[in-house]
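According to Swiss-Prot, the protein has these features:
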ACT_SITE  LYS50  active site, proton acceptor
ACT_SITE  TYR279  active site, proton acceptor
BINDING   ARG151, MET327  substrate binding site
MOD_RES   LYS50  N6-(pyridoxal phosphate)lysine
Amino acid sequence: MSASHEQNSAAAPNGPNLSEALISLGNLRHNLACIRAITGPQCRVMGIVKANAYGHGATQVTATLEAEGVRDFGVANIYEAIELLQEHRMLPDSRILAFASPLAGHIDLYLQHGVEMTVCDHETARAAESIAAACGRRLQVQLKVDTGMGRLGVTPEEAAELLELIEACPNLELTGIYTHFAESDKPEGFTARQLERFLHVTGAYERRTGKTVTKHAANSGAIISMPDARLDMVRPGILLYGCHPVDAAPSTVPVRPVMQFQSRVIFVKEVPAGTAISYNRTWSAPKATRIATISAGYADGFHRALSNQARVSIGGKSFPQVGTITMDQTMVNLGSDDSVKVGDTAVLFGWDGPSAGEQALAAGTISYELLCSVSRRVRRIVV
């Protein structure tokens, strides 16, 4: 892939980058097509661009998805929405939903910026109606139902009363009802009961009012495993960025990684047997070997938990990471290989090396966290 333009996360001198995250918008488009092939043309797709689009750059991801016909976008909170709107001119018919339950002092920001607000309780609905009335404007809201995640949302038992309150508020416009699955990769049992609770709420509302409302529940795992949960709209996050929702599970959808996290070899040396590498001397050379130092550490997003667990790709060859990963640098055991030189590219995860899922398993975490951890000092480059 060749670089077409750059998104700088920090000012950098001319010359090769030390660490960079290559962002393939072509792979993003491919992944969207894979998702649409599953859901069908009648199902809307909400592009989840919270957390800076899982570290990929919310501005460029949103623009790419809009060009592919996506008009719904999800962010974590109102501040993420405002940042996106300041950096990108959204199309007139595009919508942003902020998932967080708002503080009362933030409600006017939703009105100012035209962001859809999540309502989880009566107090928020009443405050929103009062503020919207004072502004002389209508506020678009979506009801979040807690069917079993235990995080945000009204209980199914209280949902009908809250929906009646929203309906009675002339300055609130209900644009959707949604829920979130706790175990979306396991469609039977608890997840099936969550969906049943949710559909009971939405069905009762539509029967009582004679209105239809946008219903959405399926995140990446449910898109794959729960056809009945796709409803009117789906919310792909990790799947959109090319990772399977369960890192240990075989991929059933041919998505491609959108990010490649890579750095540079900045030093190579030969060490004798018994030489300890890095802090706390957690690894020692069993025999004479060559050690490469790479200019990326945990401050760049290469987790310390990967110490002595990860593998790194250099020149198409896989090498074990050795010693404790430090804040700014990582060491790799080259063995007797003498082909690696200073300046070579070292792929930490991506299409030319180990996957984010493989590294996540080695670190005892999930690919979501690895993608979101790639830090600001790593330059994002669109390819």
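Numbering starts at 1 and runs along the chain as displayed.
Each Cβ is built from the backbone N, Cα and C atoms, and glycine gets one as well.
Taking the features listed in Swiss-Prot, we show where each one sits on the structure.
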residue	record	Cβ within 10 Å
LYS50	active site, proton acceptor	20
ARG151	substrate binding site	12
TYR279	active site, proton acceptor	12
MET327	substrate binding site	9
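TYR279 (active site, proton acceptor) sits 11 Å from MET327 (substrate binding site), taking the C-alpha atoms as the reference points. ARG151 (substrate binding site) sits 17 Å from LYS50 (active site, proton acceptor), counting Cα to Cα. Counting only the Cα atoms, the space from MET327 (substrate binding site) to LYS50 (active site, proton acceptor) is about 26 angstrom. In the three-state DSSP classification, TYR279 (active site, proton acceptor) falls within a helix.
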